[in-house]
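Colleague: Quick one: the structure is below, and I'll ask about it shortly.
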Amino acid sequence: MAVDRVRLLDENTANRIAAGEVVERPASVVKELVENAIDAEATHISIEIADGGREAIVVSDNGCGMTRNDAILALQRHATSKIRSADDLFAIQSLGFRGEALPSIASVSLLELTTKPKDEEVGVRIEVKGGEIVSVEEAAVRDGTTVNVRHLFFNTPARLHFLKSVPTELARALDVVGQHAIAQPHIAFRVRSDDHEVFSTPGTGETLPALAAVWGRDITKKLIPLEYVGTSVKVTGFVATPDCTRPGRSHELFFVNRRPVKSRIIGHALEEAMRTLTPESRFPIAAIFIELDPSLVDVNVHPTKAEVKFRREGEVHHAVSQSVKGALKAYGIKPHPRISVPPQTGPQVFGKSLFGNFSFLPSESREAVAQGGRSQQADENDPFASIPFGNEKDGAGVEEAFVPQLPERPKPFAEQLREFRVLGQYVNTYIIAATPDGIAIVDQHVAHERVLYERLTVQHKSEGMPMQRLEPPLTLQLGRREALLLAEHYRSFAPAGWEIEPFGKESFVVRAIPALLARKPYEQILRDMIDELVNQSISKRLLVQQDHVTITNACKMAVKAGDPLTMEEMTALLNQLAETENPYLCPHGRPIIVMVTLREIETQFKRA
């Protein structure tokens, strides 16, 4: 006779399974408890962390508190005050709603809950061990709620082995608090770790002081406000000027109806809007707040509620993109239309381009750029990469004397360039110019490449690329691999001024070339372009566009590193650069100008 095998799990086992989804590490506990405090309408939230969260996590708030019965019920799964029916799931306005967090945490820790509503004389203290309530008693406590979580994962030792080092776990917990502090600037947050205050926010309702506490003064001074109002979505927030970037996405913070979220849609819109303003392997800094009807966003798609799904993704993407572009344009920074960039070799530029007020790149950033920028993986592995908490140099923590100010609207970049006074040329590669604020170092090759690229692009759009016919035509013999790829993509060369036709299996006839290449070694230039096509990844070959050809044309036509220039030629090049739409980066994403400020020079000579 067959034996029944299916059984209902007991409550404790079910809670431990739920805890595996909700409570991954100490940061998960901090997140759930802080969100509960926010939902309780607290105006002050205190977080204390010991041993990275392994030993203890204590979250206290001055919120509405709970009655004795509510506190006991809150420790049971699916008990919540935040929704009443399934219909409420389609318009969620609170941060929590499932009723799983507290019982999940209690099932894998020693938990003490003390709470008191404002209209009660005494509160209640409840002790829970591994999900089992061991005591309930009256307690003389302050209004609000305090949750003390000790010995996390004491009954699931395998989970402890998966935790990282104490600094790493602490950093992740601080990351969570930092995001909520930015999202809820009206709440005063205070964080302590092992009896040392890490950071605090004033709770004034202003976002900038909260950002200053989390990101530090240096970044806050670089922030530009952004705003866009669409049909059903509103975007506000801040984006840093393009000279202030990071090697990873740790400083891309997104909030939907004040909920910290991860979103590929928002991230893609932000990075696309700044694509040609940030060097390769660098990412923008931004805090973007999206407000829309709760029914237009689904936050119930992930156990931790970290990811969201928009009903109108296209509208959200457009709103974010326009808000960023509008903010940059208002501050004199104009992104160039997006281009797909093939791999490129050529003269390398040290340092980084300067935008707006030309602030000089900090030494640690110069080192990162000199090394090509750290990878995203490296950034994620750095436990303190995302938050400069407790960094006195960065001004983490809010001091009364420091009131963050928005950056002043800079003088238009073209005017700044025209104030450059050429001093000379260094190693026949860099133009050295004096400016009102210091010394500018201009890479002549990438500067000329930018000028030519925009000129060629304008010509193509307005009247078509001027062409020079070849009499007789050039016959090009290629290897089998090169011939196969060119046969697939030769039409992409036409808009850039090349007239190419197949002529047999491995031969092509070139009947016309771009007029600007008439006095250049055009055959070698064409072969170089074909070689680049061969060396690209398959995915990039599928994206070959006229832009690629135009970029390569501009690169091959531009003056090279090592070419001597006269004072008149260098001055003319800077004037031409001032007329471009994007004088910050070359079409390949390399910086054009590095600025050494007078203060930097005086510091080196011990005069500052």
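Just so it is clear, glycine is given a Cβ too, placed from its N, Cα and C backbone atoms.
TrEMBL entries are annotated by machine, without manual review.
The following feature annotations were taken from TrEMBL:
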DOMAIN    211-329  domain 'DNA mismatch repair protein S5'
REGION    367-393  region 'Disordered'
DOMAIN    422-565  domain 'MutL C-terminal dimerisation'
Colleague: Average pLDDT across the domain 'DNA mismatch repair protein S5' (211-329)?
Modeller: 88
Colleague: Write out how many residues of the domain 'MutL C-terminal dimerisation' (422-565) are helix, how many strand and how many coil, based on DSSP.
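Modeller: Its residues fall into 69 helix, 40 strand, 35 coil.
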Colleague: As a quick check of your reading of DSSP, tell me how many residues in the domain 'DNA mismatch repair protein S5' (211-329) are helical, how many are strand and how many are coil.
Modeller: 42 helix, 40 strand, 37 coil
